[in-house]
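This report concerns only the one structure given below.
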Amino acid sequence: MTPLRWTLGLLGVAAMLAGARLLVAGTPPGTPLDVALWLAGAVMAHDLLLAPLVLLVGAVVWRLPERRALRGALLTIGCVALITLPILLRPGPPRNATVLRLDYPLNLLGVVAAVLLAASALVGVRRARRRGDAPNATGPGT
Amino acid sequence: MNDTGLTRFSPPRWSRRLRRAGAPTNWFPTRLHDPRTAVAVGRWLGAGVLVCFLTGLVSHGLQSPGDWLATRLPTRPVWGYRLTQGLHVITGFALVPLLLVKLWVVYPRLFVLPPVRSLRHALERFSVAVLVGAALLQVFLGLVNIVQWYPWPFSFRPVHWALAWVLLGATLLHVAVQAPAIAAYWRGKGRDPDGPERRSLLLGLGAAVGTVTLVTAGQTVAPLRRVTLLAPRRPDGSAQGLPINRTAAEAGVREVSPETWRLRLAGPRAHELSLAELRRLPQHGARLPIACVEGWSATADWSGVRVRDLLELVGAPPGASARVVSLQRRGGYRVSELPPQFVRDPLTLLALRLNGQVLSLDHGFPARIIAPNRPGVLQTKWVTTIEVSA
Ligand code: HEM
């Protein structure tokens with residue numbers, strides 16, 4: 001275990017150094033600093049913005065019924081929205097008529113609706129099955 | 001370093017103190033901020049990073065092969081680059097949920113106290129910061145690049161290339177550092193009070209990955225075209241059945257007159273051909289994909305003159321390579337090199353027609369290169385010169 005572990009770790013350090021060298025030798029002089037700033041910015045955007053936001057939502061969802069299905073649905077919707085964000089925020093018209101030619105806001109709404117629908121169906125089926133397992137647990141007509 | 005085993009990440013002390021003081025929220029209420037979940041998600045994330053790295057390596061090799069590799073690049077399968085770069089971007093999309101869930105799981109670790117215990121601990125935390133930063137930035141750069149938006153102050157390719165190595169290295173180092181937790185995960189199977197909760201999180205993650213893939217992968221996976229709802233490209237229904245990356249206007253190419261345009265062939269017996277003469281040479285068809293570095297691809301029927309026939313015309317020696325020059329005046333990729341094995345290949349065409357029609361100006365009229373297993377940026381359009389180069 002240990003020799004393997006050390007080999008892996010050293011390989012990792014070597015690759016990181018190779019990457020750093022590529023960055024310094026393979027780009028114009030100002031670029032490494034810019035990249036360092038963008039790296040820090042990426043970490044801060046996640047740790048100070050996105051993660052707290054998600055945890056806040058999570059703190060609410062945690063108390064709701066069907067939280068597991070809800071969590072899956074929100075996770076899916078969040079990711080779908082996130083990958084669409086660059087398209088929605090990109091300034092200026094598309095470079096030509098064959099790129100970014102879909103109706104993204106509409107499609108995003110459609111996907112969100114489909115995810116919510118699928119999650120509700122899942123919950124419904126599971127509840128029905130639970131009722132079927134325990135027919136005396138609830139009165140008729142519920 | 002503490003070899004955590006499978007205990008829960010302890011919540012930060014200040015959060016416990018806050019809670020005792022009556023703070024309303026339990027900061028990390030679910031039980032899934034634990035090493036076991038971190039490993040369960042991390043193995044998929046690691047696999048994804050590896051796939052992106054390897055397919056990226058292929059893309060780099062095809063575009064910047066260097067002398068040694070250039071003559072060894074395979075021309076088969078014809079869909080090789082379509083597969084690798086399609087996979088690169090499909091996996092890249094899947095990394096969004098994988099990375100974010102992984103970071104959510106380990107987020108409490110950001111607040112360990114004391115922040116730094118020793119030099120070793122400091123180095124470990126630094127390497128994790130590099131890992132997180134490189135992963136987030138790499139995915140961000142990729143996703144924003146493919147919508148053709150470049151809001152950063154550097155050029156994409158060299159930075160993405162350097163970060164790929166940094167990210168691979170940081171991942172390997174991370175696996176080495178976390179080896180005890182990973183080993184404990186595999187040993188610990190079967191005794192898992194949080195099992196149902198964790199399985200539900202992983203199912204949600206699977207749903208997110210599946211959905212993201214479903215609505216984007218049709219850029220390159222033809223059967224999924226109809227559910228391509230949120231990808232930058234949907235190749236069907238575009239101009240002449242194929243998307244365009246750089247238009248003639250963007251490349252600074254104006255009307256090309258079919259009467260005055262000449263193909264210049266430079267070699268031992270230099271030669272010029274008019275478009276009419278080119279059309280009288282033996283025409284060949286090839287069904288080949290265009291596979292863009294941006295991750296979309298589509299197959300088309302091309303026809304035109306074999307490049308090897310043209311090189312024979314100018315008396316090129318066997319084993320010659322060729323340099324193709326475009327009329328384009330703006331943007332990169334004005335010149336491309338065809339190594340000998342691509343020149344020889346019967347499927348490498350100077351194409352005049354696309355899907356049964358004369359090439360449109362945006363597709364490279366009057367003549368463009370189409371060769372098997374190459375990135376779209378090297379399928380040079382508006383060809384004006386083909387030079388034999390040794
Ligand atoms: C996170 C792991 C990733 C790694 C390790 C990685 C690695 C690479 C590498 C090594 C290359 C070749 C660069 C070169 O030619 O010098 C490449 C190219 C590329 N990658 Fe990634 N990549 C990752 C994620 C992504 C993502 C998420 C996307 C977008 C969805 C993406 C989009 C691209 C594009 C468009 C290119 C072609 C660049 C060009 O040739 O102009 N990558 N990648």
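Each Cβ is built from the backbone N, Cα and C atoms, and glycine gets one as well.
Over in TrEMBL, the protein carries these features:
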TRANSMEM  B:41-63  transmembrane segment
TRANSMEM  B:83-105  transmembrane segment
TRANSMEM  B:126-150  transmembrane segment
TRANSMEM  B:162-188  transmembrane segment
TRANSMEM  B:200-222  transmembrane segment
DOMAIN    B:253-389  domain 'Oxidoreductase molybdopterin-binding'
> Hey, which bits of the same chain come close to the transmembrane segment (B:126-150), Cβ under 8 Å, at least six residues off its ends?
Replying inline: 49, 52, 89, 92-93, 95-96, 99, 103, 156, 159-160, 163-164, 166-167, 170-171, 173-174, 177, 232, 294-295
> In terms of Cβ proximity under 8 Å, which residues at least six beyond the ends of the transmembrane segment (B:162-188) contact it?
Replying inline: 1, 3-6, 35-36, 38-40, 42, 46, 49-50, 52-53, 56-57, 124, 127-128, 130-131, 134-135, 137-138, 141
> Quick one: DSSP breakdown of the domain 'Oxidoreductase molybdopterin-binding' (B:253-389) into helix, strand and coil?
Replying inline: 24 helix, 56 strand, 57 coil
> Which value does the mean pLDDT take for the domain 'Oxidoreductase molybdopterin-binding' (B:253-389) in this predicted structure?
Replying inline: 94
>> With Cβ-Cβ distances below 8 Å as the criterion, list the same-chain residues six or more beyond the ends of the transmembrane segment (B:41-63) that contact it, or say none.
In response: 69, 73, 80-81, 84-85, 87-88, 91-92, 94-95, 98-99, 101-102, 105, 135, 138, 160-161, 164, 167-168, 171, 175, 178, 202, 205, 293, 373-375, 377-378
